[in-house]
Amino acid sequence: MGKPLFYEILEKPATSGIIGICCAIWFYIQKKNIGYSHVGLSYETAMEGHHWRIITSAFSHISVIHLVFNMSALWSLGVLEQLGHMGLGVAYYLHYTLVLVILSGILVLGMYHLLIQKFKLEYFRRVTAVGYSCVVFGWMTILSMKQPSSKLELFGFLSLPISFAPFESLIFTSIIVPQASFLGHLSGIIVGYAIAWGLIHGMNNFWALSMLGWVVLVFIFSLKKSNTYDFDFLEIESVTDPSLPSVRFLSAGNGRTLQMNALPTGDVEIV
């Protein structure tokens, strides 16, 4: 008989928290009847400045089967939090989860860009990716390199050797769920190998918090700039030269503002 669920949650605090967040977002999406096009990531929306979708797409699920598959795999991968003696552990897990979310999203946009611009496959302009699969596949890859003797448990009864799990799951989901994002899953695997091989390394609390701060800033500014959400305390307006935007934080009390000029920017391109 295994450990009580309560003790397993205490042993996997970060995993448990992420599962709780994804489930809460899924419940909210269902309750508000929000479609994947409103939260998912596509090349077209990214080019329109909806960079916030890199975050929302990762934590959103539309289908309950998709949610259960990703969360059951993530729960099994939570063993990474208990491998502090191998240089992993809770801090490592949180640091590189942030890296996986951001880089896999950017990488999949880069793949779309290549397919659209180089190979003229306009179909990928509107393909929308949604779900935590990119991070799940990334952690599968990392665990397969760090502890190849591990098993990946799915749905509580299906067990896969972790050494083959990334590509087994890639094929399995492509067959069972034809609309699953092959490129999204592949991007997670690629970033996972880059982390496992040490090509991406050096994350600590300072760099993780710095990266998180920039992510929050870009998230808020892209929400504002794309007119998705109106932040009353923030204005983005042009100055004498339209190519030089200024950012002003408005004070509700005395009307004073803090103005910051930025360098000129052109059309956004993901390459």
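Positions of Cβ are set from backbone N, Cα and C atoms, glycine also.
Annotation source TrEMBL lists transmembrane segment at 12-29 (among others).
Annotation comment: TrEMBL describes 49-200 as domain 'Peptidase S54 rhomboid'. Looking just at the domain 'Peptidase S54 rhomboid' (49-200), the mean pLDDT is 92.
Residues 19, 21-23, 25-26, 29, 35-36, 39-42, 101-102, 104-106, 109, 128-136, 140, 152-156, 169, 173, 177, 180, 215, 218-219, 222-223, 226, 228 of the same chain sit 6 or more residues outside the transmembrane segment (50-73) yet have a Cβ under 8 Å from a Cβ within it. If you look up TrEMBL, you'll see 50-73 (among others) marked as transmembrane segment.
The transmembrane segment annotation in TrEMBL covers 93-116 (among others). Panel annotation: around the transmembrane segment (93-116), residues 14-15, 18, 41-43, 46, 54-55, 57-58, 80-81, 122, 124-125, 127, 129, 134-135, 138-139, 142, 181, 183-184, 186-188, 190-192, 194-195, 200, 203-205, 207-208, 211-212, 215, 269-271 of the same chain, lying at least six beyond its termini, place a Cβ under 8 Å from a Cβ of the stretch.
Per TrEMBL, transmembrane segment is recorded for 123-142 (among others).
Only residues 6 or more beyond the boundaries of the transmembrane segment (154-175), in the same chain, are considered here, and those with a CB under 8 A from a CB of the stretch are 68-69, 72-73, 76, 133, 137, 140-141, 143-144, 147-148, 182, 185-186, 189, 192. TrEMBL lists 154-175 (among others) with the feature transmembrane segment.
Per TrEMBL, the feature transmembrane segment maps to 182-200 (among others).
The transmembrane segment annotation in TrEMBL covers 206-223 (among others).
Residues 18, 22, 36-37, 39-45, 57-62, 66, 70-71, 73-74, 77, 80, 96-97, 100-101, 104-105, 108, 112, 115-116, 152, 162, 165-166, 169-170, 173, 180-181, 183-189, 191-193, 195-196 of the same chain lie 6 or more positions beyond the ends of the transmembrane segment (123-142) yet place their CB under 8 Å from a CB of it. For the transmembrane segment (12-29), the list of distant contacts is 39, 59-62, 64, 67, 70-71, 74-75, 77-79, 81-82, 90, 93-94, 97, 132: same-chain residues at least six beyond its ends, Cβ to Cβ under 8 Å.
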